[in-house]
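Q: Feature table excerpt (TrEMBL):
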type     : residues  : note
TRANSMEM : B:35-55   : transmembrane segment
TRANSMEM : B:67-87   : transmembrane segment
TRANSMEM : B:113-137 : transmembrane segment
TRANSMEM : B:149-173 : transmembrane segment
TRANSMEM : B:180-198 : transmembrane segment
TRANSMEM : B:234-253 : transmembrane segment
TRANSMEM : B:265-285 : transmembrane segment
Amino acid sequence: MNVEITDLTRRFGRVRAVAGVSLQAGPGVLGLLGPNGAGKTTLLRTLATVISPSSGRIRLLGRDPGAHRQRREIRRRLGYVPQNLGYYPGFTVVEFVEYFALLKEMPPATVSRAVASTVERVGLGDKATAKLRTLSGGMLRRVAIAQGIVNEPELLLLDEPTAGLDPELRVEFRALLRELGQRATVVVSTHLVEDVGSACARVALMDRGRVVFHGTPAELSARAEGTNAAGDAPLERGYSAVLAESRS
Amino acid sequence: MTAAPPAPTVRLRRSAGVPLPGARRLVRLELRRNAMLWLLPWAVALFGLVAHRTGAAAPPLWNVRAMSMQTGALAVFVPTVIGAAAWMGSREARLGLTDLLTGTARSRWARHLASWAATSCWALAAYLAGVTVLYAVVARQAAWGGPLWWPAAVGAATMPALSALGFAAGVLLPSRFTAPLAAVGVFVTLELSLQLIHGGRSPLQVLPVVAGPWELGTDAGVAVFHPYLPDLPVVQLMFLAGLTAALVAALGLPAGSAGPRSRRAAAAITAAGLLLAGTATALAGTGRLDEHGLIAIPALHSAAGDRPVPYTPVCSTTAIPVCLHPAYTAYLAALAARLAPVLSDVAGLTGAPVRLSQAATVYEQGPGNTVEIRMAAPRIGGTPPVLHFLLPVQLAGPTMTVDQAADAVRAEAGPALVATVIGDVTGPAQAAVTAALLGTAAPAADPATVAAARRFAALPPATRHAWLLEHLPALRAGRLPLARVP
């Protein structure tokens, strides 16, 4: 298992953003669903080794992120696309991706080729030398994805990656997700259940800091059977049914 | 976006050390996109306007121009470098990249070091370019001596220190207001700190904008007859190295900045840097005004710094030669022209000096911040006698043109020169002759004396000289009545 979380809790003062989550994930795409404030972003930040857990045990790629050397090894193999993308406006697309490739300590000899192919891969080949300040929101999103995947991560964490992408790009992105999921563990936090339906092999639903469902998209859809859960699609209805059940 | 192209196979390195080529590429990237790069035109314009123009107005002496690279030039670079570095230091948090960057393998300290190094490189390049231009100009204008490297070295060492200070401010208080506030704050603090320097013993002399005794400024009289003392620059370099090391290492102290070993190293470097900076500050506090006009620090002082620098004076071809230190050659022609008439009149007379020679200055700390500057030699000394004088630029006075300086020397040394032959003015005949030789009004308001002075001045030089040769003993003795003055 590339992700092993046992009884993970993360507090911010008195607020428990993540409350006793246990989760395991191997290669493939895991969709992380949940309403606003459910703790998805906090969980992803913890998995990205940005913040450390208040309690609980976590192992990523077979290593302990609490130990410095092992955390560094994890980070070399990690891709992370946060929800709110910050960027250096004066950098070009290539420079920004190269910057992250270097920060991920990729072997210098491979950096240039990896950067070039990744920029092509996210469809920004013709904008490679454009300054980031000149790009649209959707293009910036693609830059964010590019920096996340430039090192061919074994664990890729995506927080709302399709926000701001147009439908055509979203479809392409789902294809990319499926492709990446064949070799790596991809955890995608999203509000869009269609992303989950088309790209994720498994789905975890969070609410109030806890994982209230963990299974396949089909199993989530099935949870709506026999209920009056709201939603236009089976997955949405399953989502609503599980949330209603957990809150009752 | 496509999943089609196969990604290159990436082989991850297992080494725990920072890979140098990668780090170098990071610095190269930071160099290309550094805020200091965009502030360079501003720095160059300010340097040209403030430092270069001010320096160009000063006499073309290596000491004055070189010391201005510490005083005027640094004042230009302080706000610029601090602002740029603070902007870079606050960049990650200001632009919301903290999470994204924290999740990368290279430590925050390593990232900061790369960014600080790039900022420092640009600042240093700009400063060194300024030094090069200024020194190239001085090399064409200066008549004697060579570049003084100590002030330039202190200025150069100031760039990474300023960069570290600004960067640390940006990291600690990441906001868009940090850069302007830090730039103005440090500049004002620096300038205010200078006002607290009293005498030669202030620890604040360790500040790099101090290029010598603060009350003297860049005095044209120092570091010409005697070597430029490295005492204060050495202490300033120690201080700057310590400060830079401490600030840069302190960036690696917070939890999560680097690995445990690196943080321990950062703590050790911070402590060593603070110790070095503290020692330098304490040493600066033991400084004293050296008699040659620079700050001497007893613990670092070498006796070699007290030995005069050998030189061959440049002399005029007037009846009595006027000799200057070759560094002041620019003043010779004007000075010789101003003094030539009186030199012709007194040449060959009993008591007349064989030469007028520029003397070195001696500096003495007075009460508070005052400094007494006097001549290192007696007015008349030696056998045969030599009359010594100072140029106004040696007295830390107001800036003068060459002609103004020559007039001032004539006004000051002329009466002494005439007195060597006429003696002290005790009677009207001496007063009239002295006034005539100096071309000034007779000191007494007596119309007869004034008329005699005018008459004597109107005589042809040869007649005047012949009369003086004949009547000098009586004139000196005060026995010559006014009516005998032709």
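From the backbone N, Cα and C atoms, a Cβ is placed for every residue, glycine too.
Whatever TrEMBL says is automated annotation, not expert-curated.
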Q: Let me check one thing: do the transmembrane segment (B:113-137) and the transmembrane segment (B:35-55) come into contact, meaning three or more Cβ pairs under 8 Å with sequence separation of at least 6?
A: yes
Q: Same chain, outside the transmembrane segment (B:35-55) by at least 6, Cβ under 8 Å from its Cβ: which residues?
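A: Residues packing against the transmembrane segment (B:35-55) from afar: 64-65, 68-69, 72-73, 75-77, 80-81, 83-85, 87-88, 118-119, 122-123, 126, 129-130, 133-134, 137, 163.
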Q: Under a Cβ pair cut-off of under 8 Å, which of the recorded stretches B:180-198, B:234-253, B:265-285 contacts the transmembrane segment (B:149-173) most often?
A: B:234-253
Q: Would you kindly list the residues that approach the transmembrane segment (B:265-285) from elsewhere in its chain, counting only those six or more residues past its ends and only Cβ-Cβ distances under 8 Å?
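A: Tertiary neighbours of the transmembrane segment (B:265-285) are 109, 201-206, 232, 235-236, 238-239, 241-253, 257-258, 297, 299-300.
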Q: Near the transmembrane segment (B:180-198), which residues from the same chain, at least 6 beyond its ends, have a CB less than 8 A from one of its CBs?
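A: Residues 75, 78-80, 82-83, 86, 162, 165-166, 169-170, 204-205, 207, 209-210, 214-215, 368-369 contact the transmembrane segment (B:180-198) from elsewhere in the chain.
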